[in-house]
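Colleague: Handing you a structure now.
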């Protein structure tokens, strides 16, 4: 039996398409009957990144669950409603102790990672009082109230979070692309403001010329239509267009032989159409726009062909689509350059938002500059105090030397040599008969009287 690999396109199946698919056995009962031939048993298949901020945690949890025979069997026979309702999550209580222990460890690691991210974010805004427990509430893919053990609630939350996030993934990509296009136009207009009238006219003329050049491309076939697929059949597959066969076409482009056309396999079908419009060598062709066009084409075909909305196209769904009128007589396909991507009001709102962000950044920069200047002032003040102190110490030492006092050390201590420690040749000189104390055990010899000298 083929190993279950959880991928982006299948989020609606495992986690209601838990990860967008590259290769997997879907969780629908009928679909699990399909036998895979593309990979050897036990072979590890590398899956694409979902783009979720908890992508690695999600993959690790699924990999661990797959090692449990009971859960794997339940997973392969579960339908979408069982997954969505949380019924599948309750099966977690029946998995082996080893699996539960490993899941506990994964959750503790994920909580630690999230706490580290929170701390880094709070440190960046100099927030010293961090309430990790409260801030963990913003993460919806795990139960923050129990940071130590992985429970059925954690699996249920992970399924729902991944389902929601991945279902909105394409929408988020469209929004990001729209912002990208508005930023391009905003920067173009701002640049024009810096030019004199003559240069501005030249730039406007060049811009219109590039737009016209980009739009001058061969006809783009409607994605998923017979004409579009026959073009792939002839130019990419090298087959006779008069012998086009939908069933054979499906099997040719089911690259991993799992019985489905997933989203990546579908997107690969549009490469020829995209090459008609976009060339990375051309200044007027934007490769970011090309990927947005690819996404639009794939979404359109999925909406037309994917009947059960599981983000996978079966052979039955594909053949049924080839019988529709839209397959034989499709409407013309409008590329991005033929559409208005945003309105003037939307651009104005976007520019106002940018202006607000710039004002906030400017204020923050000014505050940081003031802090820098204050720190520099304090530094200069401390340096001045240090120099003043050193000058005072130096003056005191000079004064002591003038008064015959031994000089002071760096800390103000007197530099006095201990008794008995003298430099060579510096024997102590005491006046004869003086009253200087003698060292212990030393007997003073009587002084010799000069008037009692004998010959």
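The chain as shown is numbered from 1 upward.
Glycine too: its Cβ is placed from the backbone N, Cα and C atoms.
Pulled these features from TrEMBL for this protein:
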type: COMPBIAS; residues: 194-211; note: compositional bias 'Basic and acidic residues'
type: COMPBIAS; residues: 212-223; note: compositional bias 'Basic residues'
type: COMPBIAS; residues: 359-380; note: compositional bias 'Basic and acidic residues'
type: COMPBIAS; residues: 381-393; note: compositional bias 'Polar residues'
type: DOMAIN; residues: 241-276; note: domain 'EF-hand'
type: DOMAIN; residues: 293-328; note: domain 'EF-hand'
type: REGION; residues: 194-226; note: region 'Disordered'
type: REGION; residues: 348-455; note: region 'Disordered'
type: SIGNAL; residues: 1-24; note: signal peptide
Colleague: Could you tell me what the rest of the chain brings near the region 'Disordered' (194-226), counting residues at least six beyond its ends with Cβ under 8 Å?
Modeller: 188, 244, 269-270, 273, 276-277, 282-285, 297-298, 300-301, 304-305, 321-322, 326-328, 330-333, 335, 337-338
Colleague: Give the nonlocal contacts of the compositional bias 'Basic and acidic residues' (359-380) in its own chain as ranges (CB under 8 Å, at least six residues past its ends).
Modeller: none
Colleague: Count up the helix, strand and coil residues in the compositional bias 'Basic and acidic residues' (194-211) according to DSSP, in that order.
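Modeller: Helix/strand/coil tally for the compositional bias 'Basic and acidic residues' (194-211): 15 helix, 0 strand, 3 coil.
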Colleague: For a three-state summary based on DSSP, what are the helix, strand and coil counts in the compositional bias 'Polar residues' (381-393)?
Modeller: 13 helix, 0 strand, 0 coil
Colleague: Residue counts in helix (H, G, I), strand (E, B) and coil for the compositional bias 'Basic residues' (212-223), per DSSP?
Modeller: 4 helix, 0 strand, 8 coil
Colleague: Mind looking up the mean pLDDT for the domain 'EF-hand' (293-328) in the predicted model?
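Modeller: 91, rounded to a whole number.
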